[in-house]
């Protein structure tokens, strides 16, 4: 039928919207243009799918257009002759239709008296309309126009008019050419351009207080418009995923409206791939043919917690993209319904399926197939107990290009502990001179032996030798090297052993062809383990200084007091020496104390005789390097008798020409020369240790004399000297006890020595001492 338009000039209206009871809708656009035309149109529409069937009065609407949207110059408007019942948007992209009736602003009043001009404009608008309906519009602009062109039913009720009256009005206005401006067929009451959207005709009438064209039905809380485009337009939801990764929804769905007004996406059986790759403002379509393979899977229900999810609903097709290639030859593989999510090396996924949260099931509440109603589990997207990463991998170890670094703690715990130097406790570099030592101690020991340095300790020969303080005292460091068993001969012996082994290997290879020949093995191999004598050399105390001032005139009291102070320090050194003797600390602690209390005078007297023998040829008593008792000092009161007993020891050592090894063994036997009458708590072990050092004395004699008949004779002489030491020590102890008890002499005793004498006096007075002699008197 022919649509009729009644356009009458009107006065300038208030820019605000005014509702009137007149027939028709009036739109005023004169606020910006300082003029304008009031359009009063009576329209009858019966076939609009979204129109209401109830009758209501028409209301008047005044709409303001933005400033500058229409030029003030007189220009031909191709859209002014279009029927206002179309609800069609033909203006600029930013203009939105707000009512059923449409008016376009002009500078002057719009008049339809000139029929030819209006008819020509009407024909041009019809041609433009046909072209616009045939060419697909931009999804965004189409959606905006569709939403904007929807008037609210409550504010703008559906208008009814007589068809014949409308035709007569149109003929009266347009003249004879009005019949050529038919926009609809004869059986249509209105021109419906939204019939392709398949809106239900009954839906507007079910809710009388709402309009089917309300934009809030199509706009979510975040003002996201649903792209209501054609069948080939893709739909996309903007989720809360990463900024450069947007969820991709396949173009196998199109919007449909149910009776209740909800939009539904129905899966399409025939999927047509677009032939171009388009990138628009709100979404990105991957449409490269032959690159993306979309597999037909059953539709699933997936509810995601991102904005705009309610505009499409819960029904959508499962996403499965395989082999997405890029221009650089990179490949991606995604499948939400498979059990594995794999990715090639050094690739970044196009979109983010799972937000980076601990549990993926919070965003995917349910997943159910719509075809056979079978539950499809997304177990691969939810790994309990593991951290879910944004790229879909449960942990970095699942990626083929990521290798977990080895744990340093496990390597440190499982590896063998580092070997330490036996001298300074630093990390050992190997076995040097028969002992596991570091390189620094190796060089130090070699220089100390080859250079024949005479190191002296400034302290008490008990300096701490470790990695930091090993250079503080070379004397204690050298003593500790010897105590550990370092020996220059061990290196030479090792070389000899290697030479013997190589020679033996060569001879065995030459004689291996003859089975009668036997492998030549050396009869004796040098002993690499340190001997007891070598250990005794290491633990021998250093020579102590008395600190005697020779510039002051000598006196018996002064010399005796100095000797007591020196004796106290020597006793402390003797205790340390005894504890270092191999086997001594295996004895009971009480036995160790008893042996030291009985033998402390033996040790000091024998050591004094050795120093006197080595330094003064047995003519002088060398107590210390700074305190030597010569013949002049021996003439002092109470000095000669005591010095005479001590000179006997040095003279015997000089007569027998005792070697250093023999001296060390004899000194150790003097430590074990006196025991209580009741015996020791570790008596058997004591006897075994004593016999061991007696044998060591025999070995030292053999080493000095060789295999001769004089070995037994020398052994007799040395053991006879050990027995004579008991008489010498007994005389010295008697004088020491006398001076200790006689307070009138005012001779000072150090604390250590005074304690030993106090414990030893009752034992000597009671006769609770048993002398261990080698020979019977």
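Our numbering is plain: 1 for the first residue shown, then up by one each step along the chain.
Cβ from N, Cα, C; glycine included.
A quick note: this is a predicted structure, and the numbers were derived from the prediction, not measured.
Sequence annotations record features per position, and here Swiss-Prot assigns compositional bias 'Basic and acidic residues' to 1-14 (among others).
Feature annotation from Swiss-Prot assigns compositional bias 'Basic and acidic residues' to 151-163 (among others).
Take the CB of residue 419 (ubiquitin cross-link) and look out to 10 A: across all protein chains shown you find 14 other CB atoms. The feature ubiquitin cross-link is assigned by Swiss-Prot to 419, with similarity to another entry given as support.
If you take every residue in the DNA-binding region (421-486) and average the pLDDT, you get 88. The DNA-binding region annotation in Swiss-Prot covers 421-486.
Positions annotated as region 'Interaction with CRY1' by Swiss-Prot: 532-697.
When the DNA-binding region (421-486) is classified with DSSP, helix, strand and coil residues number 23 helix, 7 strand, 36 coil.
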